[in-house]
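**Q** Just dropping this structure here.
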Amino acid sequence: MARRRMGEEGKGGGWGLNGRQCRFGNRLRAVKGEGWRSAVAAQAATGRREEDDAGGREKGEKRERKGGLSPCLFGKRRRERRRGGRGRREALPPSLGGLRAERRGRGDDDVLINYNVQHVSRIKLEERLLITDKLSLRFLDPIFFGEYPREMREILSSNLPKFTPEEKKLLQNKVDFIGINQYTAIYAKDCIYSPCALNTYEGNALVYTTGVRNGAKIGKPTAFSTYFVVPESIESAVMYVNGRYKDTTIYITENGYSQHSDTNMEDLINDVERVNYLQGYLKYLSSAVRKGANVGGYFMWSLIDNFEWVFGYTIKFGLYHVDFDTQERIPKMSAKWYRDFLTGSNVTDDTQVWSRRADS
């Protein structure tokens, strides 16, 4: 899918839709079943693009719109990881160890990104191509194409290091799969044609991001202050990465819902919101697979409540409630729903889940 510049419609402060992600999580293996459950776990066999890397980039250049640069250039970096060149075998963490056999003997060279995707909101719906997330692509583009994204080169110019031919050869096509941590979406404002405070982390990108516009949140809030429930964002992220990087296998390495730890015990255990969150995101992930995205698997964050690097013990992502004083672990409603989802046994639908209790 080609990158597209912000057009004349974007002048005056156009807003976009941006999918944000965080941290690396545990793998909960998906079991193939019928319907969209199997679509989530299975790799798509159709919709493969036949463009080579150079051809795809050339077409992307030709699809530029008149006007300024892409409104969103970089996002926040929480974590990026990349293994060495093929042949240097490193032990995978337990959560990914099972993937080695799936690679049919190839080295497990991979990269994990916290991926932000954007839609331009002022062009026709059918033209809502995803705008490049410059932070994630500043790692992926050199690996796949041997150079930084065009927007980075245009804005940062001589401040960017130059890759030698030897470095380009060393970098290119050394990845077997891409891991995406995907949780939410945010609005992104173009700061090339609109006044913005640029003393933020994203300031060099000439972009301003927020989860609220004109007093309205982009989605239902969660305990994680910058994460909102926007299920369609996972499909957007997967489809963009799949198209840009020539159908490299994609794993959703994190996706999950957070609760406040001071929530009463009954609501913590009967976590209806988490069940609805998982249903929504898996539905859109299934849609991406059906459209041809090469999705190899899905990892839910997280199996149990844990210490979060930013919020400590004040928020809970787990399918299992943990009493941190006694270490007792209690399955939540979401744990039982997810078990049924993986095994294909009587998954509760949207109308039933609101009345279902965790002790059922």
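Glycine is treated like the rest: Cβ placed from N, Cα and C.
According to Swiss-Prot, the region 'Disordered' annotation covers 1-21, 35-103. The feature compositional bias 'Basic and acidic residues' is assigned by Swiss-Prot to 1-11, 47-67. As annotated by Swiss-Prot, compositional bias 'Basic residues' applies to 75-86. The annotation N-linked glycosylation site is assigned in Swiss-Prot to Asn346.
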**Q** Under 8 Å between C-beta atoms and at least six apart in sequence, can you list the same-chain neighbours of the residue listed as 'N-linked glycosylation site', or say none if there are none?
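**A** Asp340 - these are the non-local Cβ neighbours of the residue listed as 'N-linked glycosylation site', listed in sequence order.
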**Q** Where does Asn346 (N-linked glycosylation site) sit by DSSP, helix, strand or coil?
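**A** The residue in question, Asn346 (N-linked glycosylation site), is coil (DSSP, three-state).
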